[in-house]
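Copied over from TrEMBL:
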- 26-38: compositional bias 'Low complexity' (COMPBIAS)
- 62-146: domain 'Nucleoporin POM152 N-terminal transmembrane' (DOMAIN)
- 198-306: domain 'Nucleoporin POM152 first Ig-like' (DOMAIN)
- 449-553: domain 'Nucleoporin POM152 Ig-like' (DOMAIN)
- 557-660: domain 'Nucleoporin POM152 immunoglobulin-like' (DOMAIN)
- 761-851: domain 'Nucleoporin POM152 Ig-like' (DOMAIN)
- 879-969: domain 'Nucleoporin POM152 immunoglobulin-like' (DOMAIN)
- 1080-1157: domain 'Nucleoporin POM152 ninth Ig-like' (DOMAIN)
- 1164-1250: domain 'Nucleoporin POM152 Ig-like' (DOMAIN)
- 1-43: region 'Disordered' (REGION)
Amino acid sequence: MGDASAIGAFPQTPVPSSRRGPARGPAPSSTTKTSSPLPVAPQQGASAALSSAPVIPLRILDAPTQRLYAFGFYVALLAWKFYDWAQLVEEDTESFWLFLKWIAIDCAFLFGLPELRIPWLELSQPFVVGAFFIHALFDWVLMFNIGFPWQAWILGFVKVFYDRELAISEHNVKLSSILHNSSLIMGRQIINILPEGSAILNPELHPFCLGGDRKTAPLPIFFNATIPVEVELIRTDLETNQQESIKLTRAQIRDIERKAKRESQDGVQTVVQFEYPVKKPGAYRLGRVLDEYKLEVQRRNPQTFVVPCPKAWIGPSASPGRCVGDLSDVSIQIEGTPPLKIKYSRTINGKDHSFHFQSLQPDGFTSPLGALRSTSLVGLDDEDISWSRSQRVPVGLNESMHASGEWQYSVDEVQDGFGNLVRYDSSADDPEGKPKPKHLVQNFVVKERPQVRLEGCDLRRPLKVAKGESKELPVRFKMPGQTPDITAHTLTWHFSPIDTLTESGDHGDAVTTGTYNARNARDRPVISEPGLYTLKSVSASSCEGEVQEPSSCLLLNPLEPKVTVRSEEIPDTCAGNSIGLRVDMDLIGTPPFIVRYDVISNGQRRSERVNIPGLRYQMDLVPRVAGHHKYIFTHIGDAIYNKGQKLTGSEYVLEQDVKPAAAALIQHSSGKVSSCLGDEVTADILLLGDAPFTLEWEIIHDGKRKQYKATDIRENSYQIKTKPLTQGGEYTLGLTSIQDKRGCRNFLQDELKISVRRQSPRAAFGQIEGKRKMLAVESATVKLPVRLTGEGPWKVFYTRLDDGPADQPKILERTVRNDNGYIDVKERGAYTITDVWDSQCHGVVDSKASTFEVDWFPRPEMSVALTHGVSQTDGGYMVEDVCEGDISGFEVALKGTPPYTAEYEVRHHPLHGSSSLSKRKFDASLGKESIQADTAKAGSYTYKFTALEDNLYSSDRSFKPLVVKQKVNRKPAASFVKPGQTFKYCKSEQDNEDGIPVSLTGVPPFALEIEIKHQSAAVPEIYRTPAINTHSYEIRIPRHQLRLGTQHIRIRDVKDGSGCHSMGELTGGPSVQVQLFEAPTIYPLETRTDYCVGERISYTLSGTPPFEVWYTFDGVERKAKSPTTNFRRVAESPGEFIITTLSDKASECRAPVHIAKTIHPMPAVRISKGKNVRVDIHEGGEVEILFEFWGTPPFEFTYTRSTNARKGQKSQVLETRHDVSHEHSKVVRANQEGTYEVVAIKDKYCAFSTQTGAEGVGKEKGRVKGQKVIKY
């Protein structure tokens, strides 16, 4: 044990102290005893054990885990080392520095691992030194790329995990995908020698049907590599299962022959398709097919079913009318081969909804189509084909019709189990606009249900009608959504007589049913029998309706009216004779009453009536003439019996002989009369009694009475005529007494009031603000004040100056009902009152106040004050241009009646984009108003004043808009396109040197003032640019104003052509930095200029990394970065690769270079247009194989013929051939069976092969390649 420890081997136990000095037997055992007589020994042993313990305590991380982490770290370092070696091999980078790097890493790991004191990894010093030298030797072999036998194997293993490199397009590409591009060799020609031709019926499994517009079904028959001379079809009838043989005619055979020859002219197409038209349904299959050698052609015999096309129709409906809530009850009949599918649409008031039904078949029906796809039509070869017969399946639609209007059910399409689809186009889809046939459409008119109730009558408010008469039942009919006045309907009700009702007022046992057919809502049933009527139902347009409350009405017959008459005489106080009768009446019935009676006086008969509001009444019958008078009461009526009941009996006849006393009456309706001043008044007097008469009367005025008397009046009428009444006031004409032939002088009280005007009516114009002249708003109605005296209404006659000829002006008439009234006029001018009448008298006109003048207020006007900067143009006004953000405006002058209100539009036309419009409004109390111009945004502003109002006038159409225009120039701005960026230049100016890009806005030309501040200078320099005529500019500062190092560039000021300028911040704002450096260089590692796609193009760079390389590839400029002094790219596509510019980190000077490399495309070849073409030929035939090449001639290619691939067998190469073509295509004839394909292709520059190790596959720098540059 001690010897092993001395040479650095692993100890047998993980105790660290076991390898310190020689092994002693009793030492370990003595240290474990607690009864040792020497106290120093255990202290020394503990100290030694503590100093040799692991750096990471085992209680934190146990020994196996620490060993696992150490081993994993070592494997990670080894993987990193192999990665650097792979990069070294690929990029050929500097080997010495990588060798030093890994010497240092291995030294640190190997010498640092024992210091961790991990159990079993406590390596001895000699072992560590030996391991270090072994690792150093391994690092030298790897980093200096010294060849060794397993180098290629290790490199391939690394490439399995990472095989991506940067390409010219600056994207990582997988090199193996470029080198092994399967699109370079495409196509395959397969030649199969057939023993005989073949035929197949309907190989694409199309469904066929007959019916409707489909009179025939074209069955496709495919003939492969044969021209038939006889073709037989076997048809099995679907209904009877009987078979019949059908042979193609000679014309059809010749058609197949011509088609085969025509399609085989190019030597590629060998399959002929012929469509045989069939007209009968059935199951078809190929029978015997003979070719031109009378040999039977190989064929497949599946069946193709030709069935009747599916169809559908809608069964007849009982009635096209429906009511809301009814069921549709529609039956759709479908006929075809089950299972069937149908699609129908339901349209409600123009809104369409589509529905589907699937898997429709009769009950108990089974079909193989239910488990097959719709395209599997030819795999059904059972002898029993009864399932394919057409069958009829009914589909019932029974849904609630919830909406009123027009409903339509329409069949859209139907499909059978084979997939035959029949569509029924609507009128909208049909190109000719034809409607669908009637059997495919079912239309319904769904009507609303009526509603009915009673109004104005219920159990609390019964109807009352006279006995024997009738009355309308107060029915209120309603039809939702329609005009009820034109809707005919039928009503039914229950009726119970009044004496059969129950104690609660309901119907009793005697109930009858009534029915009435009403023409419209105003047509109501008429009822007459008293009792209880209850509505039970209503129907309109065959729709039962709803009876609403109240639905019951009680009809009553009140008592008939009756009257009892009593009378007594009225005596005369002078002569003692009777002068009339006083009649008392007691009545029974429903007030009010009307009593009619006839009066017979002296043989003359007249009818009279009296209205009696209550049940008792008294009236006096006093005739005015003497003689025999008879009163006969004939009828009585009340509120119910308004036609009147006839009165019979002597108690209703009254008679009397009357000699009335003398009397006189003034015949005037009101007893008052008005008279004009100075007029005479007449009064008609009716005299009663026996002539001759003596009449006395008096006229009273101002307390004075004047008596008048007329004698010997022989007539019963007399007219009193007064003298002209010249004094105004109240007059009273009173009758005082009358005396007739009998000498009885009777006192009279009748009188007539006469009101005489104290003055004549007068008319004059009133004053407005102290004058008879006014200004008014144009076209407004002007009320001219008129002052009138008299009794209204007045008729005022007036004229307007210049209205008609001067000698005969047009006279206008107006009626004024108020003494302080107005005459409404709408035209200006001088108005004169010519005459006036009041309600009775003619008046006079005040000549001093008979004229009134009317004129219009002037309308408001607007104009723009022509101040400084404002000019007038043909279209309005123009305000001088201003800069964005400046203060500007203009003044408008206003004329009219303040205050003013103006409306105007501000239309902003920006420099870019669409215009915007804003409407504004201002109020002004003075004749001038300042308009603040809008200069917040640049562009053209148009101020259009569209309306002007003052205190009197609102804006109208006659207002001519006022237009003011102004252009606001954008404030120029200049900014760095990339602020904060550092621009690096070479000290000497270079071609195509980028300037400092600046973006400018404004009106060219621009002028910039640039501040240049160097870090070492206290005072900045100013650089002023020349005139800039564009909006983008690159600042190129002269080299004499720049210094070595860094300087800050700022924009201090910018001015544009419109005179606007913008000052920048002097001490802040965005800036850029400028530096000067020397230019880097680049050298290619290879002198050749021709490369192939997939090769690497490498360069070495001088300067300070990282570098930026600009290059063009196929005319597109690109930029790449290189963090090292090596620059390498994979050529992923052909083109011209030219490095044009180079810059490094220190200077970023774009040093111009021109290193061109030509990348050639990989050659490509295609057989048979790049497709896998299979050609079947007979023995002795041959096929032309077309090879097409892409690349640079000449082409060398290698192709093989292998056995045709068969299921379960691997194809084997039979022969390999090599050929050369100086053109881009070549035709090779072949007559042997096999698969022909290209395995290698080579052009002038490059080669490609699909076989490893074949000709044209070389190695470059130790890499296995599928291509190489070929020199001729």
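Even glycines carry a Cβ here, placed using N, Cα and C.
The average pLDDT computed for the domain 'Nucleoporin POM152 Ig-like' (449-553) is 87.
The domain 'Nucleoporin POM152 ninth Ig-like' (1080-1157) and the domain 'Nucleoporin POM152 immunoglobulin-like' (557-660) are not in contact, since fewer than 3 Cβ pairs between them lie under 8 Å (pairs 6 or more apart in sequence). Look at the domain 'Nucleoporin POM152 Ig-like' (761-851): DSSP puts its residues at 3 helix, 50 strand, 38 coil. For the domain 'Nucleoporin POM152 first Ig-like' (198-306), the DSSP-based tally of helix, strand and coil residues reads 14 helix, 55 strand, 40 coil. Helix first, then strand, then coil: DSSP counts for the domain 'Nucleoporin POM152 Ig-like' (1164-1250) stand at 3 helix, 56 strand, 28 coil.
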